[in-house]
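Presented below is the structure to which this report refers.
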Amino acid sequence: MKFNEAPSADGVWHHCHLLPAADPAQAIRDGAIVVEQGRIAWLGAFAALPDVYRHLPRHDANGAWITPGLVDCHTHLVYGGQRADEFAMRLAGASYEEIARAGGGIVSTVRATREADEATLFAQASARLEPLLAEGVTAIEIKSGYGLSLEAERKQLRVARQLGETYGVAVHTTFLGAHALPPEYAGRADAYIELVCETMLPALAAEGLVDAVDAFCEGIGFSIAQTTRVFEAAARHGLPVKLHAEQLSNLGGAALAARHKAISADHLEHLDEAGVVAMAEAGTVAVLLPGAYYFLRDTQLPPLALLRKHGVPMAISTDHNPGTSPTTSLLLMMNMGCTIFRMTVPEVLAGVTTHAARALGAADRHGLLAVDRAADFVLWQVASPAELAYWFGRNPCAAVVRRGRVFRKGEGWQR
């Protein structure tokens with residue numbers, strides 16, 4: 001079903017329970033939502049439904065819980081190919097260096113992405129996006145970073161925009177040119193950062209393809225000084241920044257991100273208290289990525305106690321990518337957030353709604369059920385919202401409303 005052919009959600013949604021935000025204390029049992037012209041006009045207890053809305057068409061939610069649409073705030077969804085062969089090599093004991101020498105690793109994805117045309121990239125990314133939409137995702141971040149040339153990065157970002165237009169999902173694009181060194185710049189990292197800052201970013205920003213700028217600040221990525229150059233270039237174009245930080249080591253990337261008022265710092269397994277304090281003071285969201293932690297069989301947990309102590313908002317995301325987190329299930333990430341990272345159910349609910357929206361700089365658009373917001377919400381056939389994190393391998397989503405259009409399970413609802 002094409003997005004513009006899906007039925008309208010306008011009318012009164014009733015026979016439901018509402019969770020307007022992640023806090024269970026705000027739940028409304030026997031609630032109702034009124035949608036007019038694709039936006040939420042009213043919500044509350046059904047018994048308090050104003051008379052002015054009682055004549056509108058009714059949508060029976062069949063006892064479902066309704067939450068805000070989910071937000072997947074860190075993905076690398078658009079790329080060529082996949083790396084299952086590399087996964088098998090790793091399981092057989094091959095090191096990262098051995099895989100790279102055999103032509104694997106990120107270079108293989110860069111090669112496949114550069115070789116693919118936009119139609120191919122769109123078809124492959126669509127197959128990854130649709131399972132996320134089927135789990136209630138209504139807003140998603142999509143990074144570039146597998147092109148590593150102006151032409152190929154542009155191609156990734158154009159496809160990301162096309163996905164949003166085709167599926168009616170809110171796509172937030174992030175330019176991640178500073179993801180890795182392309183083969184042609186081996187040993188010349190500073191020269192490549194010059195290209196990123198002075199050629200790629202200005203051109204892509206001028207074309208309206210960039211909503212935010214990211215970098216990979218690690219020993220195997222880019223240094224603090226090089227990342228600083230990327231952030232300064234983003235500032236010249238009025239773009240917010242975010243950062244892959246402290247995943248493999250503590251270089252002080254989170255503190256750097258905070259100094260530049262980054263909207264998020266992501267991964268953070270090796271984050272220390274100084275970095276946590278800096279993030280808290282800057283209002284930077286901690287985006288936790290249990291899929292990559294699991295897939296890499298990591299043992300260093302993010303410092304949850306410190307993040308809680310200093311009041312840093314925590315988001316959860318799939319980090320969908322071919323090398324370290326080839327998952328298309330945000331619900332599974334919620335379960336892993338609880339079982340592996342030891343988060344609470346309210347924390348993971350906030351992590352895929354309100355806090356994930358903050359991590360995109362879009363808290364005014366996503367992550368809450370509120371009057372005057374777009375009608376983006378999900379119907380779940382569960383007895384309690386806790387079931388969203390409890391189950392794994394099961395999708396209890398019955399229907400999704402995206403931009404005021406209804407997509408029901410079993411009716412070609414993903415598209």
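Backbone N, Cα and C define each Cβ position, glycine as well.
According to Swiss-Prot, the protein carries these features:
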BINDING   H74, H76, H244, D319  Fe(3+) binding site
BINDING   H74, H76, H244, D319  Zn(2+) binding site
BINDING   R83, Y146, H179, Q247, T324  4-imidazolone-5-propanoate binding site
BINDING   Y146, N321, G323  N-formimidoyl-L-glutamate binding site
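Everything Swiss-Prot records as a feature, shown here on the structure.
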residue : record                                  : Cβ within 10 Å
H74     : Fe(3+) binding site                     : 31
H76     : Fe(3+) binding site                     : 25
R83     : 4-imidazolone-5-propanoate binding site : 22
Y146    : 4-imidazolone-5-propanoate binding site : 28
H179    : 4-imidazolone-5-propanoate binding site : 24
Q247    : 4-imidazolone-5-propanoate binding site : 26
D319    : Fe(3+) binding site                     : 27
N321    : N-formimidoyl-L-glutamate binding site  : 24
G323    : N-formimidoyl-L-glutamate binding site  : 23
T324    : 4-imidazolone-5-propanoate binding site : 19
Where the record names Y146, N321, G323 as binding N-formimidoyl-L-glutamate, the maximum Cα to Cα distance in Å: 11
R83 (4-imidazolone-5-propanoate binding site) versus binding-site residues H74, H76, H244, N321, G323 - nearest by Cα: G323
Between H76 (Fe(3+) binding site) and T324 (4-imidazolone-5-propanoate binding site): CA-CA distance (Å): 11
CB contacts for H244 (Fe(3+) binding site) [other CB atoms within 10 A, all chains]: 30
H74, H244, D319 screened against H179 (4-imidazolone-5-propanoate binding site), Cα within 10 Å - retained binding-site residues: H244
Euclidean distance between Cα atoms of H74 (Fe(3+) binding site) and G323 (N-formimidoyl-L-glutamate binding site), Å: 15
Largest separation between Cα atoms (Å) of residues that the record links to 4-imidazolone-5-propanoate, namely R83, Y146, H179, Q247, T324: 21
C-alpha spacing of N321 (N-formimidoyl-L-glutamate binding site) relative to H76 (Fe(3+) binding site), in angstrom: 5
Whole-number Å value for how far N321 (N-formimidoyl-L-glutamate binding site) lies from H244 (Fe(3+) binding site) (Cα to Cα): 14
